[in-house]
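What TrEMBL records for Leu9, Asp89, Gly92, Ser117, Val118, Leu168, Val226, His251 is S-adenosyl-L-methionine binding site. Annotation source TrEMBL lists domain 'Tetrapyrrole methylase' at 1-241.
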Amino acid sequence: MLYIIGLGLGDEKDITLRGLEAIKKCSKVYMEAYTSLLSFGITSDGLSKLEDVYGKPIIVADREMVEEKAGEILLEAQVSDVAFLVVGDPFGATTHSDLVVRAKKMGVDVKVVHNASVMNAIGVCGLQLYRYGETISIPFFTDTWRPDSFYEKIKRNRELGLHTLCLLDIKVKEPSLESLCRGKKVYEPPRFMTINTAIEQLLEVVQNQQEPVYNEDTTCVGLARVGCEDQVIVAGSMKQLLTIDFGPPLHCLVIVGDTHPVEEEMLEFYKNQH
C-alpha cells in the first residue's frame, strides 16, 4: 500500500491523527522536498524534529529521486506499506497525481490523507475562496529567459472580476547551467522568490502590454509563511507592497479582483500593517 500523506503548512505538529497512524504502520517513509517546504526547512534539525514526532526514519526524496526512482518506491509499496509525505495537501502539485497514476498502473493500492494547503489556507486574507480564478506560478526571470505566459491568465481572471493566487518560484537542488554544460551536476544554493521580486517581475511584464490589466496601484495581498505562528499578511497597492520586508519564505501573492463588502472589511484589517 502507498500512503500519500499531507503534512499541512506549519511544522511537524500539523499532521492529522489519521496521517500519523498511517506513518506508524509503514516500513519506509519518504518525504517530498521540492514542491514546497515546511517552515523549518529540510535541514538535519528539521528532519530530526519530524522523525521524533513520527517515530520513524525519513528518507528525503528530491525531484530527481521521485522522477527517476518512483518505480523503486512503488515496487516497495507492492509488498509493504510505504508512506510518501507531502507538505500541504497531497494534490497541491501535479507530480503527485503522476505518482498515483503510476501506482495504479502497477496495481499498487493508494490511500490519500488530506491536509491544509495554500489553496484553501489563502482564505485567511478574507477574500472568498470561490471568487478566485486560475492560480498562476511566477518563475524567476533570468537574463535570457523572461516568460510572460502567466499574464494571459491574470488577464482572464481580471476580466471576470476574479482574484488571482500567484505561487512564487522555489529553487531547491537545481543544477547550475554551467555544471550541466560540463556534464557534471553542481547544485545552486536554494532560492525562494519574495513578494517583492514577484511584483517587480509582474510590473516588468505589464509594461509590454498594449492594454494593461493591472498597474502599480492595483490592490494585492502579500502573504508570508501561511499557516505558521509568524505568518504575515499585508494588503495594499503593488507599489506599497514593494517596500515591505515580508521576512523568510514561503511567500505568495494575491492580485485582488472585484470585491464584496465583507471581503473589503476583512482586507481593511490587513491594510494598516505597512
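Cβ atoms here come from the backbone N, Cα and C positions, even for glycine.
Nobody curates TrEMBL annotations by hand; they come from automatic prediction.
Note on the binding-site residues Leu9, Val118: the fewest other CB atoms within 10 A surround the CB of Val118.
Summed and averaged per residue, pLDDT over the domain 'Tetrapyrrole methylase' (1-241) gives 89. Comparing the binding-site residues Leu168, His251 on other C-beta atoms within 10 angstroms of each C-beta gives the minimum for Leu168. For Val226 (S-adenosyl-L-methionine binding site), the same-chain residues lying six or more positions away in sequence with a CB closer than 8 A to its CB are Leu9, Val118, Ala121, Ile122, Val124, Leu250, Cys252. Taking all protein chains in view, 24 other C-beta atoms sit within 10 angstroms of the C-beta of Asp89 (S-adenosyl-L-methionine binding site). There are 20 other CB atoms within 10 A of the CB of Gly92 (S-adenosyl-L-methionine binding site), with all protein chains counted.
Long-range neighbours of Ser117 (S-adenosyl-L-methionine binding site) (same chain, six or more residues apart, CB within less than 8 Å of its CB): Gly6, Leu9, Gly88, Asp89, Gly92. Summarising the S-adenosyl-L-methionine site geometry, the residues cited as binding it (Leu9, Asp89, Gly92, Ser117, Val118, Leu168, Val226, His251) extend over a maximum Cα to Cα distance of 17 Å.
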